[in-house]
């Protein structure tokens, strides 16, 4: 037998299909036009004209960038006609090869036919010669992955509520003959009411009974054993296995199968053995035995899983059943009347809805039926009759039908408070007297956007690329869950920051699959410090107080990298029951403990090359281009990466550091030194006059790390003092908001984050919000914890 080719180390910025080492090649974005009305004159009222200086795409006013990759970026936007917030994914088609484009349009086609309350909704598709814009649902709760990092495992009642929604949505996809193939905690998002939204259909495909699929898709810890064996599969059964891993992760806060390299992980998956923690109920254990079955033929179907006892505890009168999609409500008179006042013709509205065009007309109709945005404290409602407060309605659906999975969902913030979402309600909900903005002229993407893209280039050190997997998710803070926080669940069993983000494999040919998955003898993941493209979520993102661009990750630390790891369950006092048979021996704990109180963990680092996204020929190309000889040591990997990036890294670093002021820690605040950008008080000069300014109030308080009754201005000064003491660069962008940088990009240890002083709702307390912008979670956790602990508030 010939020797297997070692797994190559792949740059984090490599896309799944073709690679640009230098990152995103910027192209000018031409003026966009609505796909349905190009020359209709539209008028603006005073509100839209006041914001004309902001860039627009179609009817969407672009706001901040919430994620980016080499060939795409995602921006938070507001629909100027309705005031609803959306996420706009902007994809540079000129950077994609034909295969990538084909998969991108397959993803769009699949999303158009999905209409489930627990699946991210596509609103509008705008296409120009060089650019594709996907307007999608914006979720404000972030990823389930980051929720678990911040809070630890869920109680089974909470996990059940989430898992019922997940199963309902996945079974709905299977009804439509669609298999997701990349189900994992990173691709499960939370909306404003903490309900599940399944994202990232970049690896999904349509399946036909009797026709086998053969592409390896998914993150290895979530991948079914038949994928590791290179066998062909029908489709749904690989999703069922992934759901078993997800359920285990929700309930235990760790992965059932993990390893220090792919070979070890593969062996554990093929054994099918996992440890059952003592706190897991027998019913939950029995459900896992139906999901995590090695033989795909004997693996339970989702229809059977829906009837499982654990799934329906507390829901005995409303057993989970397959989702019955209501008929589309295409004749909501109130919404149509409002659209007519905006300048749409009734025939145009009817044609767009009947034909399902996903143009500006259909998007406006859908958005009018969605839940209006909720304003945070301090933001004036007078910033628009762009939106209204009304009883939620159900998008296009005019039916009281709903899946039982959507009922009795407990808010994670308040475990006893029952929440309903807009999609659970039916019927029109828009008061006819409400004033909406008329349609503005279709504006081009203004120069501000281009400038921002150029400015954001400085952060591409940690960004990942986007091909057909171009959707980016922003999420809540990943970091330690401080006990001082005034809100948060009480079921934490380990400190935050212990979970590891999983990237995604794709191998389309058996030779690639075996080379990538069966090899692993020497490719210990602890030896690979180069990061790769993440299998990303949807373009939905977290709301302001808890948002973090998911794609913006730095390379892992070279030399002696400290890895973020999942916790192993302690032996000793904790009793375990075997999973399906014998226990899997516990993996050796990481040599780098996160803290003294952190449990032992198995190492499976974020962004290692063995978590890369591979596609057929590109795997072989990368072997020859990025790898030669035996597996490299950390220093070898880093040297290769540094050589590949040397042409751009220096300029990028200088751009980053030139924006910040680094002070000698010995000088501190007592030196009285000020720079040209700041007044004597240390506040930005243009902010000094607004002494009456107050911190904004947060809705989600679980991103708070420290609370205090101190004056917010004094808190900002204390934060700056601690940042100076830790040699952190920072820029005070707003009165209570600091953009911070720490580490050396040339050593792949650069971390960027925001610190903001915010007010806690209904309490006379202020808190410090940490939001990671880029860098590995362990590097961020280390510096954020150090700063939080040194703050004297």
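Backbone N, Cα and C define each Cβ position, glycine as well.
Here's what Swiss-Prot has on this protein:
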- 182: active site, proton acceptor (ACT_SITE)
- 66, 67, 68, 69, 70, 71, 72, 73, 74, 89: ATP binding site (BINDING)
- 60-311: domain 'Protein kinase' (DOMAIN)
- 5: phosphothreonine (MOD_RES)
- 208: phosphothreonine (MOD_RES)
- 215: phosphothreonine (MOD_RES)
- 382: phosphoserine (MOD_RES)
- 390: phosphoserine (MOD_RES)
- 393: phosphoserine (MOD_RES)
- 403: phosphoserine (MOD_RES)
- 423: phosphoserine (MOD_RES)
- 444: phosphoserine (MOD_RES)
- 475: phosphoserine (MOD_RES)
- 613: phosphothreonine (MOD_RES)
- 666: phosphoserine (MOD_RES)
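Between the CA atoms of residue 182 (active site, proton acceptor) and residue 215 (phosphothreonine) there is a gap of 12 Å, rounded to the nearest whole number. Residue pair residue 74 (ATP binding site) / residue 215 (phosphothreonine) shows a Cα separation of 28 Å.
Counting every protein chain shown, the number of other Cβ atoms lying within 10 Å of the Cβ of residue 68 (ATP binding site) is 27.
A simple way to gauge crowding: the CB of residue 215 (phosphothreonine) has 20 other CB atoms within 10 angstroms, across all the protein chains here. Take the recorded positions 70, 208: by the count of other Cβ atoms within 10 Å of each Cβ, the lowest one is 208.
Mapped onto three states, the DSSP output places residue 208 (phosphothreonine) in coil. The two recorded residues, residue 68 (ATP binding site) and residue 215 (phosphothreonine), show a Cα separation of 26 Å.
A distance of 24 Å separates the Cα atom of residue 70 (ATP binding site) from that of residue 215 (phosphothreonine). Counting every protein chain shown, 29 other Cβ atoms lie within 10 Å of the Cβ of residue 66 (ATP binding site). Distance noted between the C-alpha atoms of residue 66 (ATP binding site) and residue 215 (phosphothreonine) is 31 Å. Here the CA atom of residue 208 (phosphothreonine) lies 15 Å from the CA atom of residue 215 (phosphothreonine). When pLDDT is averaged over the domain 'Protein kinase' (60-311), the result is 91.
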